[in-house]
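> Got these off Swiss-Prot a minute ago, pasting:
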BINDING   Thr14, Gly15, Gly16, Arg170, Ser199, Gln289  UDP-N-acetyl-alpha-D-glucosamine binding site
Amino acid sequence: MKAKKRIFFTGGGTGGHVFPGIAIISKLRELDTNIEFFWLGQKDSMEDKIIKEHAYIKFIAIPSGKLRRYFSLQNFTDFFKVIFGIIKSFFIIKKYKPQIIYATGGFVSSPPIIAASLLKVKSITHEMDLDPGLATKINSKFANKIHISFKESTKYFKNKNVLYTGSPIRKEFSNPNPNIIKNLTQDTKKPIISILGGSLGAEILNKLTLNIKNKIDAYFIHQCGRNLDATRENNYLRSQFFNAEEMASIIKFSNIIISRAGSGAIKEFANAGACVIFIPFVKGSRGDQIRNAKLLEEQNACFKIDEENLSESKIINIIKEILENKEKSNILRNNIKEFHNQDSSNLIANLLLKEFGKINAG
């Protein structure tokens, strides 16, 4: 009887740090039925909620503090949370003996990567954004390999074992069902404008939607997060969340997407060849979304409006320009596809299987 392969994934805080890991796990399950999957994350967190929807992944809670570049009294207590997270990860790894640990980003991913280094367990960290966050900068000092989602990120990891893999997307996005968006929009013949606030929702996008939805002749799909109730009105559908199949259909078949500029969302839009207006998140952010969107804007792959320049009239004018200029829309759709031009889930899954082979051979 073959010994079970075992892999730990770790990452969280937002869906963008969780869904890529799930995409890799789904592909690994297709390729090899002899693998056990674990996820290390914080209790009652975004990753806890998402992972518990997947019975084949065992979730293990670990403590971890937020890593900050600025002074805060919380830095003192969070430092000890990180230490406790490393200690707990150390003993969890010793107990379950995974052959590989794969980090998908977020502060919670650093303690397991550091513990893996102490125990000489193979580890890989994946930077989803254009430039590395503090967690990835820390992880890169301890991990054996670094995977990146943007080719342009290589310059941030000099003298490191870096591989451009792209960002994995969930399998539901590979073949979206057009009937889903027809049902969501009651088979409207109007242009479809989808405003997506991400896994945490976005207050500024919620306000924007309510202000413009009756000023443009279109059907609006609005993903609002927990701060608003779901509703359906004439030419307007609002939901706190959409499942993966619904989101895949929305992204593929909407005429326009208005969204934040998280790396996971960008890759899903690129895979679909979506026409996107990005409004990057600023408050509480390290500026990664601004740089993500700026890169695409420079390649004529999107429209970008910074929050400080956002106005009702500006967004309405851009929407009208896209709807009235099909050539411009097609240029944006073709150019954004260049940011997701490989099957990243399959690539990474096969790389991990090779790592398992090397470990077992050794």
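Numbers here mean position along the shown chain, with the first residue as 1.
Glycine residues also receive a Cβ, built from the backbone N, Cα and C atoms like all the rest.
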> At 10 angstroms around each C-beta, which of the binding-site residues Gly15, Gly16 has the fewest other C-beta atoms nearby?
Gly15
> Which residues does Gln289 (UDP-N-acetyl-alpha-D-glucosamine binding site) neighbour through Cβ under 8 Å, counting only same-chain ones at least six apart?
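Those within reach of Gln289 (UDP-N-acetyl-alpha-D-glucosamine binding site), by Cβ under 8 Å and sequence separation of 6 or more, are Arg260, Ala261, Gly262, Phe278, Pro280, Phe281, Val282.
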> Which state, by DSSP, holds Gln289 (UDP-N-acetyl-alpha-D-glucosamine binding site): helix, strand or coil?
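Helix, per DSSP.
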> Can you give me the same-chain residues 6 or more apart in sequence from Arg170 (UDP-N-acetyl-alpha-D-glucosamine binding site) with a CB-CB distance under 8 Å?
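Counting only residues 6 or more apart in sequence, the Cβ neighbours of Arg170 (UDP-N-acetyl-alpha-D-glucosamine binding site) under 8 Å are Phe19, Ile22, Ala23, Ser26, Ala244, Ala248.
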> Would you count the other CB atoms within 10 A of the CB of Thr14 (UDP-N-acetyl-alpha-D-glucosamine binding site), including those on all shown protein chains?
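Taking all protein chains shown, Thr14 (UDP-N-acetyl-alpha-D-glucosamine binding site) has 20 Cβ neighbours within 10 Å.
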